[in-house]
Amino acid sequence: TKRHCLRFTTVLATTLLSATAACLDVGFYDRTCPTAETIVQQTVAAAFRNNSGVAPALIRMHFHDCFVRGCDGSVLIDTVGNLTAEKDAPPNNPSLRFFDVVDRAKASLEAQCPGVVSCADVLAFAARDSVVLSGGLGYQVPAGRRDGRISNDTEALNNLPPPFFNATELADRFASKNLSIEDLVVLSGAHTIGVSHCSGFAGPTDLNGPVDRLYNFSSPDGIDPTLSKAYAFLLKSICPANTSQFFPNTTVFMDLITPERFDNKYYVGLTNNLGLFKSDVALLTNATMKALVDSFVRSEATFRTKFARSMIKMGQIEVLTGTQGEIRRNCRVINPVSATDDVVLARPSGFTGVAAS
């Protein structure tokens, strides 16, 4: 096996620093569940054949998992009572979907190797398989993640980069997760596949900031001048004013050129004023970021290779390993500590699996 270790430094007090190394291994399940990655791949492939939207959804889900409490499967936990989980926070609901694909993969794994493969690893494998199924480059996924027991909607709001962030805000948010400016620009390339709800660019998605580029931008016609006028006209035809209120499920492709193909056309579109989000356009406002965008326009091979590397790096954010966390039996629910926990689960006020909002 090939071991991957990243060192994270956490501030414990104003002056006290503690460094811990998190190690994951390629081939982690070779002995304990040799068919683990095959089972996940087959499950994802079957779902992809039915709906190609599965691929961008699972890549996005892995990203959203890793940015909140690290890659610990916390985004998969269901809300219980009045304790709202990550998946129901505005950045995740309704944009995250196909949780059932993870459920099916996990159920197959539990039948084959009960209590062995973590939900966090299932999601990391599924994201890799999704990249490959869409035409991207395959890569080995270091595994050995353990599942967290806390999922909190407020933490999702505070950690996930919103679509209205500028270049500085994006760089700071990624740096806080040990990701570089190059990782930021590379991982933004995931927008080469998948869709966005109109609320991501034509109305406020939450109370944290404005996202409207079509109707209420501070320009004479209300349209963001960094957006192609023809593209803005197309988007307006799909997302009329107040669409988010009356038709909240309306979506548009994030890459207008090749919306279902994992390639470099996201960057090509970006340099032709076809970036959908403010956060996409922000990549052109910083010299270092723009140079990277231009390099990916020139070389799709470079982008594909670097994307695989950045996905591996992202997949190691603040992971739980060893005896930390647990191996969740059902990815939607934390494991009961004892038989009496079934009673506790019926009383949300006493449930410790999801932190209070």
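Note that Cβ sites are derived from N, Cα and C of the backbone, with glycine treated the same way.
Keep in mind that TrEMBL annotations are predicted by a computer and have not been checked by a curator.
Per TrEMBL, the features are:
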type     : residues                                 : note
ACT_SITE : HIS64                                    : active site, proton acceptor
BINDING  : ASP65, VAL68, GLY70, ASP72, SER74, GLU86 : Ca(2+) 1 binding site
BINDING  : PRO161                                   : substrate binding site
BINDING  : HIS191                                   : heme b binding site
BINDING  : THR192, ASP255, THR258, ASP263           : Ca(2+) 2 binding site
DISULFID : CYS33-CYS113                             : disulfide bond
DISULFID : CYS66-CYS71                              : disulfide bond
DISULFID : CYS119-CYS331                            : disulfide bond
DISULFID : CYS198-CYS239                            : disulfide bond
DOMAIN   : 23-335                                   : domain 'Plant heme peroxidase family profile'
SIGNAL   : 1-21                                     : signal peptide
SITE     : ARG60                                    : site 'Transition state stabilizer'
Residue pair THR258 (Ca(2+) 2 binding site), HIS191 (heme b binding site) - Cα distance, angstrom, rounded: 11
Of the recorded positions listed as ARG60, ASP65, ASP72, CYS119, CYS239, the one whose CA lies nearest the CA of THR192 (Ca(2+) 2 binding site): ARG60
Sparsest Cβ surroundings (other CB atoms within 10 Å) among the binding-site residues GLY70, PRO161: PRO161
Listed in sequence order, residues not in THR192, ASP255, THR258, ASP263 with Cβ within 8 Å of the centre of the Ca(2+) 2 site Cβ atoms: ILE193, ILE257, PRO259, GLU260, ARG261, PHE262, ASN264, LYS265, TYR266, GLY269
Candidates HIS64, CYS71, CYS113, HIS191, CYS198, ASP255, namely the recorded positions, that fall within 10 Å of GLU86 (Ca(2+) 1 binding site) by Cα distance: HIS64
Rounded distance in angstrom between the Cα atoms of CYS198 (disulfide bond) and ASP65 (Ca(2+) 1 binding site): 23
Spatial neighbours of the residue listed as 'active site, proton acceptor', counting only the recorded positions CYS119, HIS191, CYS239 and Cα distances within 10 Å: none
Of CYS33, ARG60, GLY70, CYS119, PRO161, i.e. the recorded positions, those within 10 Å of HIS191 (heme b binding site) when Cα atoms are compared: ARG60
Pairwise CA distance, VAL68 (Ca(2+) 1 binding site) versus CYS331 (disulfide bond), rounded so that it is a whole Å: 16
Nearest of the recorded positions (CYS33, CYS113, PRO161, ASP255, ASP263) to ASP65 (Ca(2+) 1 binding site) - Cα to Cα: PRO161
